[in-house]
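Pulled from TrEMBL, these are the features on record:
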TRANSMEM  20-45  transmembrane segment
DOMAIN    24-507  domain 'Major facilitator superfamily (MFS) profile'
TRANSMEM  65-88  transmembrane segment
TRANSMEM  100-119  transmembrane segment
TRANSMEM  163-190  transmembrane segment
TRANSMEM  213-232  transmembrane segment
TRANSMEM  348-366  transmembrane segment
TRANSMEM  372-391  transmembrane segment
TRANSMEM  403-422  transmembrane segment
TRANSMEM  442-463  transmembrane segment
TRANSMEM  484-502  transmembrane segment
């Protein structure tokens, strides 16, 4: 077997880090920025939506979304994302990364704006249209996962590839912060302009009608950064690996990369033979694929699935935690606008202290430690901290111990992001052959989203207290928070075991990893 790699791809692999790498990070990262912003900002305004559309003047507490509506508003975007990951992942291998990349972006922009323009002033009309557009927003966002990862990994050089893909992913953290800051800004302005009494003082006036603009502004703002990068996204040439290895047009790939790298690249004579080799054209459902990539694909899908169960269910007791620490006062003691401000403040603080640093730690260390080590360490630490919160749970709830509780909680988040949350996104973009790369990444990501749906909904029900009288309105009794946390710890541990199926891509070229350089002499 002779190991052969196309000259144009070798040139990309050994290229020095240049401006175009950073442009690629920003262009690909902006999709992720919007993605995180849109999925995240709705959690800041659900309480306000409840006050606006489910107001009951006879109730002691402000209006809140009924369980099935809350589940729909939060979950419908996740379902859309899952579908989008599978569909656009497959399409990205069929039509090319660049074409599909434009489609997903337009979709995200249009649906972002549309979800803020929900029709009618009755609860049913607003919620139905909001859910409809959030589903399609999720569908567009789903396409961004496999494409951003694949484009970045195909553009990067092999020495710093991990850090580049991680940097694209880290834009999620920036999107989360932006969501918090926008909500803080908008709610402060409205709070000053339209002062309102608290719910306890005057139920009807506590949520001024102008507050309806707040959630719409917050939701629509996500379209702005995406729209700004559209032009650059369209100017980016198709990745050389797609043009050469999938579209089999080596000449075009060489020309494109000469422009990008700003060096003269020569086309080799034997290039055509490398790409035309019939043994490298096996399909996704072939025996050959199962033999070469079956276990790694199982590793990627299972670890992402297990991680997202844990990661998305953490958001459940975010609000319980904040109320317990007293960061968010009781709902009746605030007016609707001020409540948005308090929730945004609390979530932004958590993001600043734990979520965002975790992402950038991954960027800094991934090409030193490798993907495998970071993922293993992340799952291990998450298991430890979950158990450390779960077993003495009754101890942590006491007011004196709440600072310790927040620290433990933040550390679980930190090690999710400096750990499997980042690596599960990076590895699938590196280890599969070019013509199946975006499809396999889409499959891995969609399995992850299935885990997210299990995490967000399963645990919503599971975390309900066992005592019937104490459950949230409309929910059946569950196994309680403590037992739910123990389950999450176990899930993280299983994720640690499945990590052993995932190969280490550090420092190798993409073609070496996917076996695309193996050609008989």
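Even glycines carry a Cβ here, placed using N, Cα and C.
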**OP:** Spell out yes or no: are there three or more C-beta pairs under 8 angstroms between the transmembrane segment (372-391) and the transmembrane segment (484-502), with each pair 6 or more apart in sequence?
**Re:** yes
**OP:** Report, as numbers and ranges, which residues of the same chain sit near the transmembrane segment (484-502): CB under 8 Å and 6 or more residues beyond its ends.
**Re:** 295-296, 298-300, 302-303, 306-307, 309-310, 313, 371-372, 375-376, 379-380, 382-383, 386-387, 389-391, 393, 420, 427, 459, 462-463, 478
Subject >> Arithmetic mean of per-residue pLDDT over the domain 'Major facilitator superfamily (MFS) profile' (24-507) >> reply: 88
Original post:
Which sequence positions outside the transmembrane segment (348-366), separated from its termini by at least 6 residues, show Cβ-Cβ distances below 8 Å to it?
Top reply: 162-163, 166-167, 169-170, 172-174, 176-177, 180-181, 184, 318, 327, 374, 409-411, 413-419, 421-423, 426, 506
Subject >> For the transmembrane segment (100-119): best-contacting stretch of 20-45, 65-88, 163-190, 213-232, by Cβ pairs under 8 Å >> reply: 213-232
Original post:
How about the transmembrane segment (213-232) and the transmembrane segment (403-422): do they have 3 or more C-beta pairs under 8 A, pairs 6 or more apart in sequence?
Top reply: no
Subject >> Positions on the same chain near the transmembrane segment (163-190), where near means CB under 8 A and six or more residues out >> reply: 21, 24-25, 28-30, 32-37, 40-41, 44-45, 148-149, 152-153, 155-156, 210-211, 213-214, 217-218, 221-222, 225, 337-338, 340-341, 343-345, 347-348, 351-352, 355-356, 358-360, 362-364, 366-367, 417, 422, 425-426, 429-430
